[in-house]
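*Asks:* First, the structure itself, so that you have it in front of you.
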């Protein structure tokens, strides 16, 4: 038996990069709400007093981009310049063009049946699942995400009146390894850095974070006298949001996925409609991995899929059960082939990916969420 430490982080909805993810997905949702067949590739950048959206959108929808952007920023809680950003006064720049006709003719133009729609680009995507938590997500990532969600909840409901929208969490867990099996033993270290108002003391911040956030989220069995806490360790975090750091869409792809576990193909999710396999392929890979682990076929599972632009059928499917599989990887690949149609149009149909449900995926994680709109989290009963 051996042991090791593993760490995952997360950020709140008010982090500059996460602002951008949410704005990009708010634009996507606004298009899909009027035209479910919208083709959207929307990036966002932000800095002090400014949000810029840029990209390629082909849609029948009539979208007020200024309104969509400001509403997304308002929802996060940036409603006063004292917080580092104000949805009412920020400058919104729009640089949106139509999707390239070269891409359109190769992917979807003239293709009536879902089975014929090609992938919007080449690339490889990964999905991961593990039985160490009920959500079949890694414990490090689960706890980092839940700390963020609790902190955000307490800020919005006024319990933490001193809290501001921008914050980060990080959790280190000690694992033991026996053969191929890994088991989380204890939480080694917790880091929380949260933006705050001018008046609150560090003593109150640290007490509130420990009592109201950490103890509400982390099961007592994982905390002990040796757990290390770094709570606002810099000593001051008044300047936050886009005033403190610039933000870009797609800069938090590991937080969006599995916190460093498994693997990542590099493509971001937010701002992309489901013909973009960076998103739909990654959702499908999670759907597969979670279904395999839920069926007891493995304790842990990594799935890779790859695509070529304009081609419907995936080029490859790969599975790794880390030595925990109850069947061979070849047998599991056959099960995948018999149960999942990974052509992009079929994924859009089976996972209902033309609905305007993506803004809420852009904060708190795309995976491991208990929400019926996250269809890729619904375990599929497998035909063996």
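Backbone N, Cα and C define each Cβ position, glycine as well.
Not my notes, these are from Swiss-Prot:
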type    : residues                                                            : note
BINDING : 9                                                                   : Mg(2+) binding site
BINDING : 15, 166, 167, 168, 234, 235, 236, 237, 245, 251, 252, 268, 272, 276 : ATP binding site
BINDING : 43                                                                  : K(+) binding site
BINDING : 56, 99, 245, 276                                                    : L-methionine binding site
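So where do these features actually land, and what's packed around them?
*Replies:* Annotation for residue 9 (Mg(2+) binding site): spatial neighbours 144, 168, 169, 170, 171, 191, 255, 259, criterion Cβ-Cβ under 8 Å with sequence separation of six or more.
Listed in sequence order, the residues of the same chain lying 6 or more apart from residue 245 (ATP binding site) and placing their CB within less than 8 Å of its CB are 16. Secondary structure at residue 245 (ATP binding site), taken from DSSP and collapsed to helix, strand or coil, is coil.
Under the three-state DSSP scheme, residue 43 (K(+) binding site) falls in the strand class.
Cβ neighbours within 10 Å of residue 99 (L-methionine binding site), excluding its own Cβ and spanning all shown chains: 21. Reduced to three states, the DSSP call for residue 99 (L-methionine binding site) is coil.
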*Asks:* So the record assigns 15, 166, 167, 168, 234, 235, 236, 237, 245, 251, 252, 268, 272, 276 to ATP. If I measure every Cα pair among those residues, what is the longest distance in angstrom, as a whole number?
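*Replies:* Result: 42 Å between the two most distant Cα atoms.
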*Asks:* Under a criterion of Cβ-Cβ distance under 8 Å and sequence separation of at least 6, what residues of the same chain contact residue 252 (ATP binding site)?
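*Replies:* When sequence neighbours closer than 6 are ignored, residue 252 (ATP binding site) has 11, 15, 17, 18, 21 within Cβ distance under 8 Å.
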*Asks:* Looking at the binding-site residues listed here (167, 236, 272), whose Cα lies nearest to that of residue 56 (L-methionine binding site)?
*Replies:* 272
*Asks:* What three-state class does DSSP give residue 276 (L-methionine binding site)?
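*Replies:* Assignment for residue 276 (L-methionine binding site) reads coil.
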*Asks:* Among the binding-site residues listed here, 15, 236, 276, which has the most company in the form of other Cβ atoms within 10 Å of its Cβ?
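*Replies:* Going through 15, 236, 276 one by one, the largest Cβ count within 10 Å is at 15.
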*Asks:* Sort residue 167 (ATP binding site) into helix, strand or coil using the DSSP assignment.
*Replies:* strand
*Asks:* Any same-chain residues 6+ apart from residue 234 (ATP binding site) with CB under 8 Å of its CB? Would you list them in sequence order, or say none?
*Replies:* 193
